[in-house]
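A.B. asks: Just dropping this structure here.
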Amino acid sequence: METKKISYFLLPSLMIVALIFQPMCSAFTIAEPYIHPCMKGFCSFKSECANKCIFMGHHKGGDCIGGLDGIYCCCLA
């Protein structure tokens, strides 16, 4: 039984294709800048939300995000 060898052209070609498609695939992932779950009731002022998140240990603070059922305080990741 005869085994076929991978050509010296095919392997580098596949590596180049993989290096091209990897950044393209990673560009389609959605990066969420907020830590979930968001908290309801801390958005009377934006600074109130930021202070609450800093108190919880999230050093970047927080932001008020409006949703269908109210305004939420979401801490920044």
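Every residue gets a Cβ built from N, Cα and C, even glycine.
Among the features that Swiss-Prot reports, signal peptide is placed at 1-27, with the record citing sequence analysis. Among the features that Swiss-Prot reports, disulfide bond is placed at Cys38-Cys75, Cys43-Cys64, Cys49-Cys73, Cys53-Cys74.
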A.B. asks: Which one, from the disulfide-bonded residues Cys43, Cys64, Cys74, has the smallest tally of other C-beta atoms lying within 10 Å of its C-beta?
C.D. replies: Cys64
A.B. asks: Taking just the CA atoms, what is the gap between Cys75 (disulfide bond) and Cys64 (disulfide bond) in Å?
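C.D. replies: Cα of Cys75 (disulfide bond) to Cα of Cys64 (disulfide bond) measures 9 Å after rounding.
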A.B. asks: Take the C-alpha atoms of Cys53 (disulfide bond) and Cys64 (disulfide bond) and report the distance between them in angstrom, rounded.
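C.D. replies: That separation, Cα to Cα, works out to 11 Å.
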A.B. asks: Give the distance between the Cα atoms of Cys49 (disulfide bond) and Cys38 (disulfide bond), rounded to the nearest whole Å.
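C.D. replies: Their Cα atoms are separated by 10 Å.
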A.B. asks: Whole-number Å distance between the CA of Cys73 (disulfide bond) and the CA of Cys64 (disulfide bond)?
C.D. replies: 5
A.B. asks: How many Å separate the Cα atoms of Cys74 (disulfide bond) and Cys43 (disulfide bond)?
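C.D. replies: The separation of the Cα atoms works out to 10 Å.
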A.B. asks: Taking DSSP three-state, what's Cys43 (disulfide bond) in: helix, strand or coil?
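C.D. replies: Coil, per DSSP.
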A.B. asks: Name the residues of the same chain, 6+ apart in sequence, whose Cβ is under 8 Å from the Cβ of Cys38 (disulfide bond)?
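C.D. replies: Cys38 (disulfide bond) has long-range Cβ partners Ile65, Tyr72, Cys73, Cys74, Cys75.
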A.B. asks: Helix, strand or coil: which one is Cys64 (disulfide bond) in, per DSSP?
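C.D. replies: DSSP call for Cys64 (disulfide bond): strand.
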